[in-house]
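See structure below.
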Amino acid sequence: MRDLKAVGKKFVHVMYPRKSSALLRDWDLWGPLVLCVSLALMLQGGSADSKDDGGPQFAEVFVIIWFGAVVITLNSKLLGGTISFFQSLCVLGYCVLPLTVAMLVCRLVLLAGAGTISFIIRLIVVVAMFGWSTLASTAFLADSQPPNRKALVVYPIFLFYFVISWMILTFTPQ
Amino acid sequence: AAGPGPGPAGGGRSGAPATEWGGFEDNMQQGGGSAVIDMENMDDTSGSSFEDMGEMHQRMKEEEEEEEAEGEAGAGEEEDGEFLGMKGLRGQLGRQVADQMWQVGKRQASRAFSLYANIDILRPYFDVEPVQVRARLLESMIPVKMINFPQKIAGELYGPLMLVFTLVAILLHGMKTSDTIIREGTLMGTAIGTCFGYWLGVSSFMYFLAYLCNAQITMVQMLSLLGYGLFGHCITLFVTYNIHFHSLFYIFWLVVGGLSTLRMVAVLVSRTVGHTQRLILCGTLAALHMLFLLYLHFAYHKVVEGILDTLEGPNMPPFQRVARDIPVVPNAVLNTTAKAIALTL
């Protein structure tokens with residue numbers, strides 16, 4: 001129960017990003033694992049074209065998220081960050097939450113049909129959640145950098161969430 | 001100070017287990033007799049994984065503080081003994097296990113230390129400010145005029161690495177806008193593989209050529225130069241993936257690609273002596289750079305091209321497919337004909 005409560009508290013911190021140290025101090029990787037697995041599961045069952053299979057495989061989503069998080073962590077450490085390896089992984093993993101919510105919304109919208117209007121709705125939702133993710137993770141990570149190098153750390157985070165948002169947006173069900 | 005200190009502690013430890021378990025009584029007396037030797041072995045368990053890695057580092061680094069480490073090791077070993085529940089650590093088996101644990105712990109610590117040191121090796125290449133990165137990005141499009149004086153190349157890896165990742169993102173975006181439902185996972189793998197393969201592979205190849213042609217350039221500088229040259233590629237692909245005009249692409253290819261190629265070539269020329277060498281180096285670099293842009297555009301643009309070709313009238317191939325008119329025959333006629341043929345056979 002104590003661990004569940006800690007995970008739940010971190011989820012709340014991500015949704016309302018304020019400069020609190022709870023996410024950083026007691027890092028855990030349960031939340032990121034749950035989010036990553038649920039996102040990868042929801043991205044299954046993409047439409048199969050006559051040429052190839054559709055949709056990223058489970059392992060690919062997993063590898064991309066974790067490999068991307070590791071690269072960003074290494075980058076922020078090399079730029080002189082004061083945050084530890086696992087703390088950074090924890091923050092980046094938890095900030096995938098808005099994008100998972102976006103994926104859920106997209107799936108629901110696609111149940112209603114796959115026309116232009118649904119595409120516009122999905123686009124707006126995904127872009128909003130992408131912005132929220134980036135802002136949330138920046139609020140936590142940028143503080144650990146020297147003040148003049150924040151842009152250098154924010155850019156790879158932006159690219160990372162952009163790739164995940166692209167995977168979500170281009171998901172078409174069978 | 002090492003001897004007397006652990007002595008009483010060792011003696012104290014040998015006292016307690018004797019009352020609980022008499023299995024190692026003989027060994028314990030040996031242990032009690034050779035307290036100093038035992039402490040050396042006991043000392044070794046301080047390198048076990050139970051203890052903090054940081055303390056291990058310190059021990060390896062500062063050998064003059066062995067006494068301090070041994071003191072900590074004594075305390076750590078007591079905890080180890082209690083944790084393991086093996087009061088017979090002073091036995092032969094215990095000593096061997098302790099030795100083994102120390103070896104493993106030391107190996108782990110040295111591996112961890114070398115891994116940490118590897119990150120530190122890369123640290124000076126990431127020591128940049130945002131203004132510097134921006135300045136270098138813009139400079140990569142401006143060819144230098146002075147080729148008789150070796151031009152300075154900043155050995156920095158942050159900019160090139162970010163540009164490679166940006167190129168991957170742009171390629172993914174371009175595949176989406178070409179409206180194909182492809183296996184997105186391997187697409188990502190292909191994009192990452194292509195971009196990194198180009199950056200690392202062509203850099204290594206050019207470094208090898210530069211070595212043959214006696215050019216004054218290091219590997220990191222080559223990586224940096226080529227990486228910043230990808231900025232032109234990023235711009236070109238970003239624009240032409242959103243505006244699908246062939247002629248626009250060719251203009252961008254020549255102008256933007258050409259400018260970045262000219263800059264890289266000029267910098268290389270300024271660092272090479274001899275006409276033949278300059279020609280070899282610059283020709284190879286220019287060819288590879290421009291051809292890569294062409295490849296990226298066309299390999300990932302195949303499907304759109306196909307669609308465009310069918311729309312443009314004059315470009316249609318001369319061979320025309322004409323639909324064959326198959327006469328529609330009612331099923332009943334077919335069945336009776338088949339039965340008739342079967343009866344005659």
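Cβ coordinates are placed from backbone N, Cα and C, and glycine is handled just like the others.
Annotation source TrEMBL lists compositional bias 'Acidic residues' at B:63-79.
Residues or ranges marked as region 'Disordered' in TrEMBL: B:1-79.
Taken from TrEMBL, the feature transmembrane segment applies to B:157-175 (among others).
As annotated by TrEMBL, transmembrane segment applies to B:187-213 (among others).
The transmembrane segment annotation in TrEMBL covers B:225-244 (among others). Counting only same-chain residues 6+ beyond the ends of the transmembrane segment (B:225-244), those with a CB under 8 A from a CB of the stretch are 136-137, 139-141, 153, 157, 159-161, 163-164, 166-167, 170-171, 173-174, 177-178, 195, 199, 202-203, 206, 217, 252-253, 256-257, 259-261, 263-264, 267-268, 289, 292-293, 296-297, 304, 308.
The transmembrane segment annotation in TrEMBL covers B:250-270 (among others).
Among the features that TrEMBL reports, transmembrane segment is placed at B:279-300 (among others). Panel annotation: around the transmembrane segment (B:279-300), residues 171, 174-175, 178, 194, 198, 202, 205-206, 209-210, 213, 215, 229, 232-233, 236-237, 240, 249, 253, 257-258, 260-261, 264-265, 268-269, 272 of the same chain, lying at least six beyond its termini, place a Cβ under 8 Å from a Cβ of the stretch.
Outside the transmembrane segment (B:187-213), and at least 6 residues removed from its termini, the chain residues within Cβ reach (under 8 Å) are 160, 164-165, 167-168, 171-172, 175, 219, 222-223, 226-227, 230, 268, 272, 274, 277-278, 280-281, 284-285, 288, 292, 296. Long-range contacts of the transmembrane segment (B:250-270) within the same chain: residues 139-151, 153, 210, 215, 217, 225-226, 228-229, 231-233, 235-236, 239-240, 278, 281-282, 285-286, 289-290, 293-294, 297, each at least 6 residues beyond the stretch ends and with a Cβ under 8 Å from a Cβ of the stretch.
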